[in-house]
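As recorded in TrEMBL, the features of this protein are as follows:
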DOMAIN    17-362  domain 'Amino acid permease/ SLC12A'
TRANSMEM  18-35  transmembrane segment
TRANSMEM  47-72  transmembrane segment
TRANSMEM  93-118  transmembrane segment
TRANSMEM  124-146  transmembrane segment
TRANSMEM  158-177  transmembrane segment
TRANSMEM  197-218  transmembrane segment
TRANSMEM  239-261  transmembrane segment
TRANSMEM  281-302  transmembrane segment
TRANSMEM  334-353  transmembrane segment
TRANSMEM  359-377  transmembrane segment
Amino acid sequence: MGNTDGDSLQKKLRPRHISLMAMGGVIGTGIFKGSSETISLAGPGVILSYLFAGLLLLVVMAAIAEMATVYPNRNMKDFVHEAFGERVSFIMGWMYCFMWLSVCVIEIIAAGSFLQYWLPDVPLWVLSLASAALIILINMLSVGSFGEIEFWLAGIKIAMILIFIILGACLIFGIIQSPNTPYLQNYTSHGGFLPNGWTAIFSALLVVTFSYGGSELIGLTLTETENAEKVLPKIVRSFMLRIILFFTLPILVICGLIPWNQLGGESSPFVQVLSSTGLQGAAHIMNFILVTAVLSAANSGIYGATRMLYSMASAGEAPKGLVKISKKGIPINTLKLCAVILLAGAMLGFFAQDQLFRILLLCPDLWLFSYGYVFVFHN
């Protein structure tokens, strides 16, 4: 399998690592920044878009869990190869790598934009480059250390979302007093629950799909997980409920605390909501956690891209040099390739800023094709 310094990928990821790593890949820019885009498209009714996409994701994740028990010691790409052959596996593999690298570029640019909340005079591309460098360094650690870091990064943002939901509910119902306690008025005023009509729900669905994208990262951890065929079905059951709740409830809070047509695209809706309540220092704390959150998502994304490239190289669908593994059990050459692309992507912030985020959001909608492959193979 080519020249390697190590023997193979190491099985050092534990169930708690896998669960939070997948959640880390999902809960990122899509909800923390992209939610302003979805709310502007569909108003409060966007919650239906998130529920619909969540049901789609539930089917995909259940299929991956079942296939993991039937085909042990294989990952998601192996499933596609088994069902459709080498050509489709080749296309799907490269498409998936493109998706994850696009997501990682989005995440580090989002991290740079969040950092500008405190450093408005520092160029976006400089802050994005610094974020990219940090992600690359973390991915150079052993898989066990990587899993532990991602566990805590993802844990921070999950705790933040829980606090945001509780705090938001208290503000909406007047338990915590604010200058303008909305109660439930913002759900029905300003054009109603569906201000742009039913079709807007489907218009928002593409961006929402990007928000959920990354859950299938579990399918790439199988070859580095202890007893994957036993632990994965248990993880999926609890994972799906948490993911749907962690997306729908914060959106309900955002739409309840600030009119949907008053959200701006410059900063995160989470920060805008807390700033509007007048709570001292809350916006700064939230922005810090947002930076942590998008870096966590980028961290999981680089993991997904490197493992997919390694799997493709092992199957002869990518250059053989990419199968090299370091002494720490890291596919080092795939990481180097992804690092170059990530650093180049960070430089996009130098050339264009105004519509950059909106344009990049369109790339990962190829996730729908990946979900389709998984579903067809399962059946």
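Using N, Cα and C of the backbone, Cβ positions are placed for all residues, glycine too.
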Point to revise | Best-contacting stretch, by C-beta pairs under 8 Å, relative to the transmembrane segment (281-302) and drawn from 93-118, 124-146, 334-353 | key: 93-118
Exercise for review: Taking the transmembrane segment (47-72) as the first stretch and the transmembrane segment (239-261) as the second, find out whether 3 or more Cβ pairs fall under 8 Å, excluding pairs closer than 6 in sequence.
Suggested key: yes
Revision key, fill the gap. The recorded stretch from 93-118, 124-146, 239-261 sharing the largest number of CB pairs under 8 A with the transmembrane segment (334-353) is 124-146
Exercise for review: Would you mind giving the whole-number mean pLDDT across the domain 'Amino acid permease/ SLC12A' (17-362)?
Suggested key: 79
Revision key, fill the gap. Lying 6 or more residues past either end of the transmembrane segment (239-261) yet within Cβ distance under 8 Å of it, the residues of that chain are 19, 22-23, 26-27, 31, 35, 38-40, 43-44, 46-47, 50-51, 54, 57-58, 61-62, 158, 161, 164-165, 168-169, 171-172, 182, 184, 186-187, 189-191, 195, 211-212, 215, 218, 269-270, 272-273, 276-277
